[in-house]
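Engineer: The structure follows.
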Amino acid sequence: MLTDTAEFHYEAWSWLAESVGITIDRMFNEELKGVSREESLEKILHLGGKEDLNEREKRQLAAQKNTRYVALLENLTPDSLLPGVADFLQAARNRQIPCVLASASKNAHYILNKLAIDEYFIGIVDPSTLSKGKPHPEIFLKAVELLGLAPEETIGFEDAIAGIAGLKAAGIYAVGIISNEKLPRADLCVPSFSKLDIDELLKK
Ligand code: UVW
């Protein structure tokens, strides 16, 4: 939701899936949003009836996908930030509001660096410490821990149903950032960060 990596994931996963005789489409790719690399691979192999590959083969496939994906991430620049993100982060910083990134991606550091916004975050949840994916609240509870705050003192931003469900399960005020639909369980839903007024949000 800081930038759109879905298309890069799609390109890399489609290529990887084709290499083992499986075809995925953009609709299926939607199901991979916010899902870890390993779990995404499982979903793809399941789709193609190939989930019985051994662990070594799965590790190799995941690594191949990641090499291709990271090569595509090379194209990211600060211009790749979604509308309103830079201003919102700056507004948070001006008010001394700390931000933490709760991402299931092991490439999160690299992505923040390419977008030149790493200095706006006091931390990133380490995906290797997570035992359960969204909608489980674990990732958000770890983010709250990094902030040193209680869940009800924080605000979470998500662009997918599973993310909003995770935020709500963690007891966090959930803002849905989504352009073409609604996230029914979100406390507030806006099409982009540019539609958010941070001072209004802080009154919630
Ligand atoms: C995700 O994008 C969720 O994972 P990774 O970048 O680690 O493949």
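Each position is counted from 1, following the chain as shown.
Cβ atoms are placed via backbone N, Cα and C, with glycine included.
What TrEMBL shows for this protein is this:
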BINDING   TRP13, 32-37, SER40, LYS65, 103-107, LYS134  substrate binding site
BINDING   GLU158, ASP159  Mg(2+) binding site
Engineer: Do you know which of the binding-site residues TRP13, LYS33, LYS65, LYS134, ASP159 end up with C-beta under 6 Å from ligand 1?
Structural biologist: none
Engineer: Tell me, which binding-site residues from TRP13, LYS33, ARG37, LYS65, ALA104, LYS106 are within 10 Å of ASP159 (Mg(2+) binding site) if we use the C-alpha atoms?
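Structural biologist: Passing the 10 Å Cα cut: LYS33.
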Engineer: Going along the chain, which residues six or more apart from LYS33 (substrate binding site) have their CB under 8 A from its CB?
Structural biologist: ALA6, ASP159, ALA160
Engineer: List the same-chain residues at least 6 positions away in sequence whose Cβ sits under 8 Å from the Cβ of TRP13 (substrate binding site), in sequence order, or say none.
Structural biologist: ILE24, ASN29, LEU32, SER40, ILE44, LYS65
Engineer: Around the C-beta of ARG37 (substrate binding site), how many further C-beta atoms are within 10 angstroms, looking at every protein chain?
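Structural biologist: ARG37 (substrate binding site) is surrounded by 21 other Cβ atoms within 10 Å.
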Engineer: Between ARG37 (substrate binding site) and GLU158 (Mg(2+) binding site), what is the CA-CA distance rounded to a whole number of Å?
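Structural biologist: Computed Cα spacing between ARG37 (substrate binding site) and GLU158 (Mg(2+) binding site) is 19 Å.
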Engineer: Check the binding-site residues LYS65, LYS106, LYS134 for other C-beta atoms within 10 angstroms of each C-beta and report the one with the most.
Structural biologist: LYS134
Engineer: Taking the Cα atoms as reference points, how far is LYS134 (substrate binding site) from GLU158 (Mg(2+) binding site) in Å?
Structural biologist: 11
Engineer: Radius 10 Å, atoms counted are CB only; among the binding-site residues GLU158, ASP159, which position scores highest?
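Structural biologist: Ranked by Cβ atoms within 10 Å, first place goes to GLU158.
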Engineer: Which whole-number value in Å describes the distance between the Cα atoms of LYS106 (substrate binding site) and GLU158 (Mg(2+) binding site)?
Structural biologist: 18
Engineer: How long is the line from the C-alpha of ALA104 (substrate binding site) to the C-alpha of GLU158 (Mg(2+) binding site), rounded to the nearest angstrom?
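Structural biologist: Computed Cα spacing between ALA104 (substrate binding site) and GLU158 (Mg(2+) binding site) is 12 Å.
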Engineer: Count the other Cβ atoms sitting within 10 Å of the Cβ of VAL35 (substrate binding site), across every protein chain shown.
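Structural biologist: 18, counting other Cβ atoms within 10 Å of VAL35 (substrate binding site).
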Engineer: How many neighbouring Cβ atoms, not counting its own, are there within 10 Å of the Cβ of ALA104 (substrate binding site)?
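Structural biologist: Result for ALA104 (substrate binding site): 20 neighbouring Cβ atoms inside 10 Å.
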Engineer: Where does VAL35 (substrate binding site) sit by DSSP, helix, strand or coil?
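Structural biologist: Coil, per DSSP.
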